């Protein structure tokens, strides 16, 4: 046999990869994010939450980008920690207050336990202009050491619709409910929700950018459910006075059954609210319902004849950190007249702590620094938790976590800071 010709393989010059600095040798700098670094930063955040990057998920954040509010630690050209905030306005009793919505907080695994998160939190809290920072915590134990307290709690509700008949005395009014398309719904719900903003503390204003985010609905987010669907309640005179955003999904536990998943529901009257729920629970083929975010005083339990059939889970929701005590306490009204001195012990931001004279009542309030003897002492974390009445001051007193220097002060503050209806936040970030 003839010898085969040798096969020639072209050789290509091998590029030398950029050296990877071991984490323990890395030099770290705290830097803000420039506009041309935004997508790289977003990819790092997405990886930090163990997800795949999709640029369309970041549209609201990109449109809300403010130089200096996006930042993190870098080594070379790599982000190893991230954090950002955006300006929002939150309803409080008697008015509105500016808050910094904090999100996208990550630390790469190789750079944990170096004090980087602490440094980022201190940088953020000392550079924001808002008197309150607000966030949702993936782990509730993380942020207390930075002075964050549990601002609001929420309920997760679920049940079988056939077991949820209403009490006979429930008034559904003389109006009606109908499903509408997104364009019509948005035209109605934006001003309708704005009119309801002051009826419950904790709600956040939404501008057009945030409404865009609310209605963003890629199929990968649905977990097998339908796209968003929309319903409006119309009063007897035809005026829209209630709304609901929902999905439907096949319920594998019930043959030919489906579940309705309620995202948002609100109304200007009890009749409209009850009628919206009745319409949702009575949808054809629907055998179960789920609402993942409801206020702790949601009246659905009182509408149904058998409230035990509603599975109810209580959980923490939004966390807050009060940075400017006079501005935060002075932004709201109080249910009873009070004139007292509160001492705030702030180990993380000592300059934010101190003694403050709070004079207020149903018509407003004023807060000034003072050196007078305090009536009550508590931590920054506890102040955030009582700010909208989410945790009564008396609960902290019974736990031994605040000090009454004047007897009865915890009870007075509980009454004054309380809210009816309970504080609740619909926006996650």
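Please read every residue number as a count from 1 along the shown chain.
From the backbone N, Cα and C atoms, a Cβ is placed for every residue, glycine too.
Over in TrEMBL, the protein carries these features:
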| type | residues | note |
| --- | --- | --- |
| ACT_SITE | 429 | active site, proton acceptor |
| BINDING | 105, 106, 107, 113, 114, 115, 116, 117, 118, 138, 139 | acetyl-CoA binding site |
| DOMAIN | 202-312 | domain 'Eis-like acetyltransferase' |
| DOMAIN | 325-419 | domain 'Enhanced intracellular survival protein' |
| REGION | 1-22 | region 'Disordered' |
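Location within the structure of each feature annotated in TrEMBL.
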residue : record                       : Cβ within 10 Å
105     : acetyl-CoA binding site      : 23
107     : acetyl-CoA binding site      : 19
114     : acetyl-CoA binding site      : 17
116     : acetyl-CoA binding site      : 18
118     : acetyl-CoA binding site      : 12
139     : acetyl-CoA binding site      : 6
429     : active site, proton acceptor : 21
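In this entry, 105, 106, 107, 113, 114, 115, 116, 117, 118, 138, 139 make up the residues listed for acetyl-CoA, with the farthest two CA atoms of the set 20 Å from each other. In this structure, the C-alpha atom of residue 116 (acetyl-CoA binding site) lies 22 angstrom from that of the residue listed as 'active site, proton acceptor'. In terms of DSSP secondary structure, the domain 'Eis-like acetyltransferase' (202-312) contains 30 helix, 40 strand, 41 coil. Separation of the C-alpha atoms of residue 114 (acetyl-CoA binding site) and residue 429 (active site, proton acceptor): 26 Å, rounded to the nearest whole number. The DSSP breakdown of the domain 'Enhanced intracellular survival protein' (325-419), given as helix, strand and coil counts, is 31 helix, 28 strand, 36 coil. Cα of residue 118 (acetyl-CoA binding site) to Cα of residue 429 (active site, proton acceptor): a distance of 21 Å. Averaged over the domain 'Eis-like acetyltransferase' (202-312), the predicted model reaches a pLDDT of 95. Geometry remark: residue 105 (acetyl-CoA binding site) versus residue 429 (active site, proton acceptor), CA distance 11 Å. Calculated from their C-alpha atoms, the gap between the residue listed as 'active site, proton acceptor' and residue 139 (acetyl-CoA binding site) amounts to 14 Å. For the recorded site, residue 116 (acetyl-CoA binding site), the DSSP three-state label reads helix.
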